[in-house]
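Inspection log for the structure reproduced underneath, given as structure tokens.
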Amino acid sequence: MIKEAIYQLVNKEDLSYEVAEQVMDEIMSGEASNVLIGSYLTALRMKGETIDEITASAAGMRKHCVRLLHNMDVLEIVGTGGDEANTFNISTTTGFVVSAAGIPVAKHGNRCVSSKCGAADVLEALGVNIMLAPLESAKILEEMGLCFMFAQTYHSAMKFVAPVRRELGIRTIFNILGPLANPAGANLELLGVYEEALVKPLARVLLKLGVKRGMVVYGRDGLDEISLSHQTVCCKIRDGKLYDYILEPEQIGLTKCKKEDLVGGSPAENAAITRAILNGEKGPKRDAVIFNAAACIYMVRDDITLQEAAKIATDIIDSKKAIHQLDKFIELSNRR
């Protein structure tokens with residue numbers, strides 16, 4: 001099927017949902033050669049991925065991952081990467097605040113790809129055991145409303161793609177698929193993207209993948225996060241409908257900063273930044289976490305405004321609930 005699909009793509013023809021899903025199945029099963037995988041990814045990128053092609057590919061990738069079993073609504077806070085901004089780990093830090101606010105967070109991540117420090121890197125530097133089996137992570141999720149799923153543990157089939165992606169050295173559909181293939185089947189999601197043109201299409205993809213409440217965001221300073229230094233373009237998913245709007249820090253009483261104020265560093269440096277924020281240290285980095293946490297809380301709850309959600313996020317940090325959440329997570333991940 002992958003050869004036929006390449007022929008279609010070279011002729012600028014869109015693939016059907018069924019064909020795109022079958023191709024992903026071939027790739028994830030190890031049935032496609034590196035040459036064919038590279039040709040397919042390049043041809044798809046040159047044509048431009050459709051909503052159906054992305055959705056089908058994500059569904060195909062999910063079929064081949066190890067699942068984390070649970071019985072609750074869970075939130076994923078994630079970015080596609082590729083913004084080349086080298087910010088500190090905003091999404092990961094935000095996860096501790098949001099989960100401490102009572103919203104279960106199932107974070108899915110990897111080591112660094114497009115930055116100096118990925119989610120797995122900073123958590124490891126904080127002392128978290130990232131190598132837990134799915135059953136152990138499920139227990140922690142049940143116990144404290146938070147877990148981390150290391151991509152290499154859950155997506156072993158990616159070994160068939162990794163060498164090709166490294167050699168190609170260009171963005172491919174897999175830059176988008178990682179955040180869409182949460183092993184816990186997250187039905188709540190804040191997804192940051194690396195270009196504005198992806199906001200609406202990926203909101204439609206999340207809707208097709210069964211996300212109940214979600215938000216796709218792009219900071220106009222280039223960040224794949226809700227930005228504290230510029231406007232953020234948003235598309236919100238609620239009750240099967242999409243809503244477009246713009247977010248600005250001033251809406252919740254925060255002051256814009258320079259993009260450089262959010263830059264991080266090595267895993268050890270970013271771990272220190274995360275711990276300082278959760279301990280109550282003030283400044284732009286804390287405000288960026290409050291902004292992103294407020295958006296998550298507001299997105300999930302029906303009974304509050306964005307401003308009230310920001311107050312909740314601030315109180316969670318100032319009351320030390322967020323730092324206690326981090327310390328408890330470290331403790332539970334290392335228990336034997």
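Glycine is treated like the rest: Cβ placed from N, Cα and C.
Residues annotated as anthranilate 1 binding site in Swiss-Prot: GLY79, ASN110. Feature annotation from Swiss-Prot assigns 5-phospho-alpha-D-ribose 1-diphosphate binding site to GLY79, 82-83, THR87, 89-92, 107-115, ALA119; the stated evidence is sequence analysis. Taken from Swiss-Prot, the feature Mg(2+) 1 binding site applies to SER91, GLU225. Residues or ranges marked as anthranilate 2 binding site by Swiss-Prot: ARG165. Positions annotated as Mg(2+) 2 binding site by Swiss-Prot, on the basis of sequence analysis: ASP224, GLU225.
SER91 (5-phospho-alpha-D-ribose 1-diphosphate binding site) has GLY79 as its nearest neighbour among the binding-site residues GLY79, ASN110, ARG165, going by CA to CA distance.
Within 10 Å of the C-beta atom of THR87 (5-phospho-alpha-D-ribose 1-diphosphate binding site) sit 27 other C-beta atoms, taking all shown protein chains into account. Rounded to a whole value, the Cα-Cα separation of ASP224 (Mg(2+) 2 binding site) and THR87 (5-phospho-alpha-D-ribose 1-diphosphate binding site) is 10 Å. With the fewest other Cβ atoms inside 10 Å of its Cβ, the least crowded of the binding-site residues SER91, ASN110 in this structure is ASN110.
Near THR87 (5-phospho-alpha-D-ribose 1-diphosphate binding site), with the C-alpha within 10 Å of its C-alpha, lie none of the binding-site residues GLY79, ASN110, ARG165. Nearest by CA distance to HIS108 (5-phospho-alpha-D-ribose 1-diphosphate binding site), out of the binding-site residues GLY79, ARG165, GLU225, is GLY79.
Comparing Cα positions, GLY79 (anthranilate 1 binding site) lies closest to GLU225 out of the binding-site residues ARG111, ARG165, GLU225.
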